[in-house]
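Annotated features, as they stand in Swiss-Prot:
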- 1-226: domain 'BAR' (DOMAIN)
- 266-361: domain 'PH' (DOMAIN)
- 384: phosphoserine (MOD_RES)
- 387: phosphoserine (MOD_RES)
- 399-520: domain 'Arf-GAP' (DOMAIN)
- 521: phosphoserine (MOD_RES)
- 581: phosphoserine (MOD_RES)
- 584: phosphoserine (MOD_RES)
- 673-702: repeat 'ANK 2' (REPEAT)
- 742: phosphotyrosine (MOD_RES)
- 775: phosphoserine (MOD_RES)
């Protein structure tokens, strides 16, 4: 290492040493200025580079937008996408380069300035301080008089100590100078070398990237050459066609008079006609008319849905109109209305009249052929009739979820667009959907619509019955109540954007629901409706006592209650085959009166409407309440804070419970007595509901205010089926906990038993009547 300042000169503290120090200190000060400037320039370069990358990213987004716009042109879309991806890689390479620049230049040089140059400055301060002390000691020693021995001795000692300290610090200072002079070379070169390697990597990555892209660019260049040639050829052809058409326009108008009854697209004739409006001013508007599918329709813009003037051409006639002032008019007359039209010329008028007359004749001929075929099909032989009955019987026996659900009124077509044969369903709404509408429903989120396939998914019996209870007609009466009044047209199949807007407005914004004012009824009336039942309940609800008291209470109520679900003979809904209200456990028979006579459901708030409809097993009213914003977990403070789900349990309907659970009901929400839906279902002996709640994650360890959980209640009531279900669920829960995080979702035996109970509760509820039959023996 070459020394900048000599150690020997340092010990002498000669003028040469002082001059060398002064030169070094000036050099270090200038070095610090240069390094600070370089670091600032590096920071500015990095910031500018980041701004460049940001602008480049925005430019890439513009290229991607252009690629999406060119989705119909595969060559342009593919090329732009590929180029934007490659340029995005270059942006990433730039980002890496700027990061490496920050580490190599900014970080390293800043560290050198802050660490090494700071040590040099600290050493300089110490050296200057000890130099001053040495000068003072020399001056003091020179001033001491010879006859003052004590002072001479003291000054000599101070001078000796100061000189020793000066030499030590001066040597350290010189060492720091020499080390700094040597280190600055390595630090500067190391940072610049790292910076250059970063550039090397950047350009190497760019070279590799464009080497891969090169063949594609060459192919694209060849395609572009062909495109230029093809464009020139097409231009010549179009110029020739333009010249030919121009000559035809001047020579004849016959091309506009053609019509074709057997056209492949079904359009017999089309063109512009003036139509007289039916308003008081009788204004004439020019519209694009066409004869297609035995109908006369018109539209103003291509995107507009055609307006049907005549639905069935067989029912109309066409005639000339010479009694009005305007020329070239003719009238299409149907049994309900007439439409006055005007052509641009007499030839066009004759062509339109002939086209309408020919279409009428064709419609009669086609309809006649169809009727003949239907007559042949509707009169089979006796043998074929029998075989038809047999096949129908087989079909009913092997009935699939799709067939059962599509038999519900309105379910044979999509609920939102009307497309036939829908294969998907929204299970919380109870409607059928086509595949395109189902995709839109999925995008809404499961809190609005839960989509399931009617052909690919497994359907639980209670869910299948729920779908059969509702249906498109029921739901559309709620969610499309004001569609006609608002003049809204349902989207047609294939109109994706229109469908999305319509479905969002229908189910998310609920724009078409018939809004009714909750505040239209005085609060006193609403309170009266609720408080009558609640007052009777407060006077009659017994506490669940131990032992026989519980058994006697339950047995007296269950004599008229089924533990499963079966079809009611009068309205077809699912209900318990009981002769008294399911609330008979809590009220003496005959005390309860139906409070629904006091106020129509439209005058209740949505939460109360849902609450009452849940007990009454009225699914359409429940759907209506939810559409009006009812909270599915609304608690009735007048009736022990019972929820709609608890009311559904008391009402004895498995399907009602399933509907509430599908719409987000909390299976563990409890009333003021600490009883949740599982408690109430256990008390009432509703085995099907207990099975349903356990499958939905009900907490069977929860205790009521008397400290009883559902299992203890079932044991005291000696309900073997419910005890079996609760113990099996508890055992399965313990098995899953012991197996840890990656354990199986459930034991096969457990799943099979619960599946059997679900099937019995929905399809054969009489098999779950054992508890009722046994209780009658006591």
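Here the Cβ of each residue, glycine as well, is placed from N, Cα and C on the backbone.
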Composition by DSSP (helix, strand, coil) of residues within the domain 'PH' (266-361): 19 helix, 43 strand, 34 coil
Helix, strand and coil totals (DSSP H, G, I; E, B; other) for the domain 'Arf-GAP' (399-520): 53 helix, 11 strand, 58 coil
For the repeat 'ANK 2' (673-702), the number of residues DSSP places in helix, strand and coil: 17 helix, 0 strand, 13 coil
Model confidence over the domain 'Arf-GAP' (399-520) (mean pLDDT, whole number): 86
